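Working notes, structure below.
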Amino acid sequence: MKTWHMVVVIGFLATLAQTSLALKEEDCEVCVKTVRRFADSLDDSTKKDYKQIETVFKKFCKTQKNKEHRFCYYLGGLEESATGILNELSKPLSWSMPAEKICEKLKKKDAQICDLRYEKQIDLNSVDLKKLKVRDLKKILNDWDESCDGCLEKGDFIKRIEELKPKYSRSEL
């Protein structure tokens, strides 16, 4: 009887340990969010065929920027990708595996996939632009796909951001 209780307790603890080791979204945020967004964009007929998923993913990758573009590079979704582990994404997606589990498998193949992190967004309504570095001001403009031709000094970048702020910054009412 004691042996049976011990087996049950060990089984319970093993299950508990397994669930606590499962990958969380914040551990691999770029992967999880990109896989979810991609999976949501697929129609039902495409979701069943992993070859079609790979083709659609390559098209999807052509439109990605920044961290998502790097994620595509690591998976082999870009023409210039050095390696290709695309089937580690496409096959589990065709089985309707959740994004967290897919990213867990991808992390085992290539750990740098989960090293990708989104940069913290700057709240333009509360930040003092004069206190930011020029690098951060350039990043704001770059994120907006805007340029600042002829900007040499910090004041020039701040002026350009202030001009564009109404277009890109929507304050909650």
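Backbone N, Cα and C atoms are what each Cβ position is placed from, and that goes for glycine too.
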Cross-link partner of C28 (disulfide, per Swiss-Prot) out of C114, C148, C151: C114
Second cysteine of the disulfide that Swiss-Prot assigns to C103, among C31, C151: C31
Candidate cysteine (C61, C148) that Swiss-Prot pairs with C72 in a disulfide: C61
Residue from C28, C61, C72, C151 whose C-alpha is spatially nearest that of C103 (disulfide bond), among the disulfide-bonded residues: C28
Cβ-Cβ neighbours of C148 (disulfide bond) (radius 10 Å): 18
Among C28, C72, the most crowded of the disulfide-bonded residues [Cβ within 10 Å]: C28
